[in-house]
Every structure is written in structure tokens, then in C-alpha cells.
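**Q** My questions all concern the structure below.
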Amino acid sequence: MAAQLDGVLEKDLQEKIKKSKILVVGAGGIGCEVLKNLVLTGFLDIEIIDLDTIDVSNLNRQFLFHKEHVGKSKAKVARDSALGFNPNAKIKAYHDSIMSNNYGVNFFQQFTLVLNALDNRAARNHVNRMCLTSGIPLIESGTAGYNGQAELIKRGLTQCYECKPVPGQKSYPGCTIRNTPSEPIHCIVWAKHLFNQLFGESNDDEDVSPDTADPEAGAEVGEAALAKDANEKGNVDRVSTRAWAKQCDFEPEKIYNKLFFEDINYLLSMANLWKSRTPPKPIKWESLVGEGEEEVTDSVTRDQKVLTHAQSAKVFGESIKALRESFTKLPEGDHLVWDKDDKHAMDFVAACANIRAEIFGIPRKSRFDVKSMAGNIIPAIATTNAMTAGFVVIQAFGVLKEQYEKCFPIYVRLKLSGNNQFITRDKVMIPPNPKCYVCAAKPEVVLKVDTKNVTVRELRDDILIKALNMVSPDVTLDGTSTIVISSEEGETDCNDDKKLVELNIVDGCVLKADDFLQNYELSITILHKDPGREEAAFEIIGDPDSLKPKEEEQSAEKKDDAQPSTSSGQNGSSSNGKKARHDDLQSEVCIIHDDEEMPSTSKAGTSGATAGSSSSGVEKRKHVEDSDEPVSKKVKVSSEQDDSDDDLIIMDD
């Protein structure tokens, strides 16, 4: 081991390596390389955490794993394999989510340094906040194909993970997905929505039926089809896609004809849609029966080959039968979760996407291409993972020597730099964003939201947890004793379905959000907005100053020569000419929300619940009595958060 050999490393660094305690978060492509590097360097006290298990697809790049390890815990197998390099090392493995309430500030404070090897934005944000709160240096790393990076995050010295701007989520108008797809990705998104409508967590915003509210279709849209479906009273009896599928026992032929023949004919009745477009061509199941097609049995060939319509229809039928069998075994009210690595779920989406593409005259894709697009994956390169992991340990040396000013971000790039180098580093340390809503002295955001229609449940799940990355938030209305959301189970359940305006959350009011686990408080100023039909119901603005009139901004700049705003948009975007990250490397950004969005992690509610007597002390917490007993909460965190596979990088278009 390098630290045990005199002359390899300086004496002082040798001693610090032996005495340090390191936490590695994630045991995927980068995590395996980092763990191996740490052990071979001479680090003796290491802990590694990962919730994931080993899949066959991991074996070509996560070299600590072998065929016999498939299905086992990544963290535990990585530990056992790494001990083979140095049996004297003390390595503790956790098969768990780092976002569990078992790993609070006290857990993080026992480490000298934390090394992130994740591809999950929610988990990365959480570790970022925990390290900021506990004062422990964090080395963040990520790869995207041939690009990689490693950088130090230290409170007060560098920007944090959430200081930098994050590209907005790529989304598509619902009417395009449902009525007029023109690209393969439109068909893939539709197919994923269909999976959820039939077998997954159903969402009204992911309806796959023709959209009769499409403004382009005109006022007389689908009259003939509506008249045909009307009952004796002239009304149309609406049945959910899943309820209808259950009625016909998920029969592939009936589902196929409904989706690809009847619904397409319905779309054709919307004549205005096809004045400047090529109309789709409906196809019946019966027309495909008996077509002589060579069956593709080899899995590799099947992944790479673009299947014919008849072959896709056969895969469609087989996958529905398999999914139906899995779905019917679940407890009442439970559902399947789409996973790109689940054979039948992936087969279903690929087949549906290609069938729909054929009908709309869109080029079909191979199963491999559909999987890459549906999972938003940039394939991992083992060499990039290894190089990036090396940079992580080099950065760790700088931290142990407390030479923070020399720990500039390091990048590996596919394209050569201006100096003909593919390994580069920043020449300056990027300081914290003073407008960051995480690491600023007084974190605050402006929330533009439809207060008349957005519910408290949506405020908690979609805004605080999914968009603002909290785990178990408590929310009070500033200036009042009203508790809007509580992380204590059952305390505010009756608020869940209430509109914000019903709790006097209106234009101009301020909410105080507090996450006990993250030790994080945020001030949220509410601005009411009336969103358009295809516009999101809310918008988060990281820099409240960006809402000032231009004249006011210019006057303020002249008056005190203030620094320009360094953030705007959801996480704040740089406007001072400095790059928060290299533009060609975004470690993970979602374009299709499905599997990586955090599930609802807390129950909220109670109308007009009031906080009895206010508590005193530095820590603001509800129901704190004059007692020496510590405050504890039941933090409800999903145990299924995937914290690894850093080598599968989710990108934005």
C-alpha cells in the first residue's frame, strides 16, 4: 500500500491517510474504482453505502463484481472484493439509502471526508446539504461518456452542488404526445405513460387517450366519435384505461385494437390536425396475424435489430401477458414500477413506441436505442470512470493536507482543450453563489404558483420534495401560528387536499420550510400565477432580486456598486461570466420523469393546525417543550431510493 511505503508519499500525508476516516457514497462504476484506489493508497478506515444490487449489465465496467455476485448488495460485495487488496483495511458496508434518517448530521461528522459516487440528483443534493451542515468536505464526481469531473465542495470556500444552474426539465406538450407525435421520443414518452396507465402509478397528466382539448383541433373536435360513444342520455361514460383493461382481462388483441385502431380513427376525426400533417394510418391486430416473420431469439441481436411491425406486435402481446401476471400478484392498490432493466417492462415500451411510430410515419428504433432514450442514458466508459476516480483520490490528498486553495475542479474531456489537453482544471476556485438557496446565509426563493388550484399535497410532494430536494419538510405560514405541513405522521393530514388559498397562502405571503433531517431552513415568498394550458403550475426562482423592475436594479447598482446576481431559475444561474460547470458535462439531468423522481416521503395535512406555545432556543422546531430531552422526529423516507450506478448518467437534451 502506498501509504505504508516510505518515499512514495510525504510523511505528513502518510500519517493523515492512516488516521483518516472516509465515507464513500455509491458503489457503482466510479464507487468501485474509488474504493479500490483508497485501499491501494493505504486508507485503513472506510465506510461505503449503496442501496442497489448487482445486475448483469454492471459486470462489464464495475470490476469488483462478477457473475456469481448478481443479485447481491453492491456495497457488501465491493467491501469483500476490496479487502482482497488489503485485508488489514477496516471497511464497513451499508446496504441502505443515504437518505434514510439513520444517517443524520452526527453520522456525517464522524468522517474526515465524504466522496460522492452517485448518479441520483436527489441523493447528491441530500449529501451536499448534509456535508454543508456537518462541516465535512465533500468531493463530488461524475462521468458522462468520455467526459468526467471531480471537484471539492466546502462550505464558505467553494460553490456547493446546488449553487450551479441546473437545466430545466425537458418536457413535451401533452397534445403533442397524445395527438400529433413527430419524433421517436414522443412515441417513447407515450409508451411509458401507457405503462403507468395500465400497470404503474397512474397520473391524470399522463393520459394516453386522444386529447379533445387540443386547441389546434378546433371547437368541433371529434364530434362523430363522441356521438358514437354516447349513451342513451347523450353522455359519454368515461372509464380509466386500467379499469377498461381489467374488464377485458388485459387481452393483448383488444388493447392493441383500442390503442392503435380505434384511438387512431378518433384522431382522424379531428380533421384540423391533419391539414398540414400526414395523417396516421390505423392498423388492426387481425391484419398482422399470420404474417410470416422470422423470430429473433438471440438477446443481443434482438436488442440491436429494428423489429418489423408484426414482430413488435408479437413482443407487445408477450410483454402484456407477463406484466399482467406480475400485476395481478400485487396487493390491492399496489402497482408496478417501470424499470429500463426489467425485461418485460422494457419490451412493452419498445414495442408500443415502435408500433405507434409506424402508424405516424416516424422512423422505428432498436430496443437498445429505445432503452437509451427512455432511460436517458449515456453509456458508461470504464476508462473514464477509472480516471475520474483517480482525480477523486488526488483531490482527497489536497483536502487531507488542508491545501484547499489548490483543490481546483479537474475535468477529463473527449475534445482537446485549447492547449491540446484532454485533462484540464480550473484556474480559480469558484466561490459560493451568494443567492444559492442552500448554502447562502439566509436561503430564500420565490415560488410563483397557482394558489387557487395547487393543493398542500402538491406543495409538499412536487415542490418541496421533488423540486427543492427536501426529505421531510415542515412548513409554517410566517407571522401566524398556522402549521401548513408537518413531518409528524398524521398531524396535518386533513390539509392534504386543500388548495393553498384555503389556508391563506396567497400572493405576497411567506412560508417558512424546515427540514429537520437536513438541518435546513428555507424562506419561500409566494407569488400567485395563472398558468397557461401547457404551462407548469409553479416556477421556482432562486434569486428574488431578479423580480425587481429593471429601473430599480440599475438604480441599486449605481448606488452601491453591488455585485450582479449570480443566480436565477430553479437553482440559480450564473450571470457573472463564470462557468459553474463545464457546459459539456452535466452529470445527471432528467428529461422524462418516471423512476428517479423521489416518491412522496411524508404525510401532511391538518387544516388550521396551530403550533401551541412557540418554542425558544437556537434550533426552531415545533412542539419543543422546556425540557433537556432531545427532539426526535419520525422522518419518513423511501427505502427504495437508488443511490448508485454513477456510470449511467442521465442527461438533458
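In case you wondered, yes, glycine gets a Cβ from its N, Cα and C as well.
Sharing the feature lines straight out of TrEMBL:
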{"type": "ACT_SITE", "residues": "C175", "note": "active site, glycyl thioester intermediate"}
{"type": "BINDING", "residues": "26-31, D50, 58-61, K74, 97-98, 119-124", "note": "ATP binding site"}
{"type": "BINDING", "residues": "C160, C163, C436, C439", "note": "Zn(2+) binding site"}
{"type": "COMPBIAS", "residues": "545-562", "note": "compositional bias 'Basic and acidic residues'"}
{"type": "COMPBIAS", "residues": "565-577", "note": "compositional bias 'Low complexity'"}
{"type": "COMPBIAS", "residues": "600-617", "note": "compositional bias 'Low complexity'"}
{"type": "COMPBIAS", "residues": "640-653", "note": "compositional bias 'Acidic residues'"}
{"type": "DOMAIN", "residues": "8-436", "note": "domain 'THIF-type NAD/FAD binding fold'"}
{"type": "DOMAIN", "residues": "310-371", "note": "domain 'Ubiquitin-activating enzyme SCCH'"}
{"type": "DOMAIN", "residues": "447-530", "note": "domain 'Ubiquitin/SUMO-activating enzyme ubiquitin-like'"}
**Q** For Zn(2+), what surrounds C160, C163, C436, C439 with a Cβ no more than 8 Å from their Cβ centroid?
**A** L132, Q159, Y161, E162, P432, N433, V438, A440
**Q** Far apart in sequence but close in space: which same-chain residues, 6 or more away, have a Cβ under 8 Å from N60 (ATP binding site)?
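**A** Listed in sequence order: A382.
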**Q** Which one is it: of the recorded positions G26, G29, N120, C175, whose Cα lies the shortest distance from the Cα of C436 (Zn(2+) binding site)?
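**A** For C436 (Zn(2+) binding site), the spatially nearest of the recorded positions is N120.
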**Q** Which residue, of the recorded positions A123, C160, C163, C175, has its CB surrounded by the fewest other CB atoms within 10 A?
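**A** If we count Cβ atoms within 10 Å for the recorded positions A123, C160, C163, C175, the smallest count is at C175.
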**Q** Is it possible to get the count of other C-beta atoms within 10 angstroms of the C-beta of C439 (Zn(2+) binding site)?
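**A** Its Cβ shell of radius 10 Å holds 22 other Cβ atoms.
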**Q** Find the one among the binding-site residues C160, C163, C439 whose C-alpha lies closest to that of G29 (ATP binding site).
**A** C160
**Q** Please count the residues of the domain 'Ubiquitin/SUMO-activating enzyme ubiquitin-like' (447-530) that DSSP assigns to helix (H, G, I), strand (E, B) and coil.
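**A** DSSP composition of the domain 'Ubiquitin/SUMO-activating enzyme ubiquitin-like' (447-530): 19 helix, 29 strand, 36 coil.
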**Q** Quick check on the domain 'Ubiquitin-activating enzyme SCCH' (310-371): DSSP residue counts for helix, strand, coil, in that order please.
**A** 41 helix, 0 strand, 21 coil
**Q** Determine the Cβ neighbour count for N120 (ATP binding site): the number of other Cβ atoms within 10 Å of its Cβ.
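**A** Around N120 (ATP binding site), other Cβ atoms within 10 Å: 26.
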**Q** Taking all residues of the domain 'Ubiquitin-activating enzyme SCCH' (310-371) together, what is their mean pLDDT?
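**A** Average per-residue pLDDT within the domain 'Ubiquitin-activating enzyme SCCH' (310-371): 93.
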**Q** Across all the protein chains here, work out how many other Cβ atoms are within 10 Å of the Cβ of G26 (ATP binding site).
**A** 35
**Q** Please report the distance from the Cα of D50 (ATP binding site) to the Cα of C439 (Zn(2+) binding site), rounded to the nearest angstrom.
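**A** One finds 26 Å between the Cα atoms of these residues.
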